[in-house]
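Student: Reproduced below are the annotations present in Swiss-Prot:
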| type | residues | note |
| --- | --- | --- |
| ACT_SITE | 164 | active site |
| ACT_SITE | 190 | active site |
| ACT_SITE | 286 | active site |
| DOMAIN | 5-122 | domain 'Response regulatory' |
| DOMAIN | 152-344 | domain 'CheB-type methylesterase' |
| MOD_RES | 56 | 4-aspartylphosphate |
């Protein structure tokens, strides 16, 4: 079996050494070279032809974003960003995903050996996924036209969306065309803590609806999208006649917290046939069982098609389980969601 060839770009010699040790400890991948800055990396890419690049966000001579933009324009390849956990870097990381990076990991606290095995497995999983991923299509920078289906504001109907690898840009593509009169949306995107607030704030600037990081106990309102906080589960709940957000630190489900299954199951319970469920690009099976529960509760369910997915894992599993009404290309999902809500199809059992 051929190994996945990886090239690391990081100005820290310690991080280059750590990444090399991690990659080479897995029998299905190898670190072919490591570069201290993008200008050195440019020559090493030509020499070693890596399949996956790990790229530091902040570096001398040329920063990670500038290099990524040039790389995706001149020699597109799967890139996993490596970022320190700061507010500034979380915003840069979100921008990197817009430019075409497949995924990202946070830098570990060097010198702390506890948890390094889990960190090694996390990096290896992201490398394997990136090696198989379809490079994402860039979403247009300008705002798309508002959709023609403009449903009346409704506090009963809502949309639940789940995504993983490639999901940040897929979610952006789904939310940007939505009018302010859209029903409420609850969204679980697999993401570590420290990044979801920047993700929500960036979407809020780009969208006509209000997008925010979800807060425990807040009322679910039409025209709003609520993003699950990193490392915390998002659920729908009821408070009298109103929907409410529930955020909690329950155990990981399908190895994930937040978990798409946790969200979808709560929506099946409390919204039933008043909901539309959407499963987007991502590795694994998180969300498949929950979407089936939504389907059985009367919700209308959609899956992103393989051709438009970065990774067709989660949608494939949901389709295989029989919980999907329609399989739709990414750029058609917004229209289909609102069409179903407007026509009342989401209310049919």
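Just so you know, glycine gets a Cβ as well, placed from its N, Cα and C.
Give me the structural setting of these features: burial, nearby parts and distances.
Tutor: A C-beta separation below 8 Å, combined with a sequence spacing of at least six in one chain, links residue 164 (active site) to 189, 190, 256, 260, 281, 282, 283, 284, 286, 311, 313, 314.
Counting every protein chain shown, 26 other Cβ atoms lie within 10 Å of the Cβ of residue 190 (active site).
According to its DSSP assignment, residue 286 (active site) is coil.
Mean per-residue pLDDT, taken over the domain 'Response regulatory' (5-122), amounts to 90.
The DSSP secondary structure for residue 56 (4-aspartylphosphate) is strand. The C-beta environment of residue 56 (4-aspartylphosphate), restricted to residues of the same chain at least 6 apart in sequence and closer than 8 Å, consists of 9, 10, 11, 12, 15, 64, 81, 82, 83.
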Student: Reduce the DSSP letter at residue 190 (active site) to three states and note it down.
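Tutor: Once the DSSP labels are grouped into three classes, residue 190 (active site) ends up as coil.
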Student: Using DSSP, would you call residue 164 (active site) helix, strand or coil?
Tutor: coil
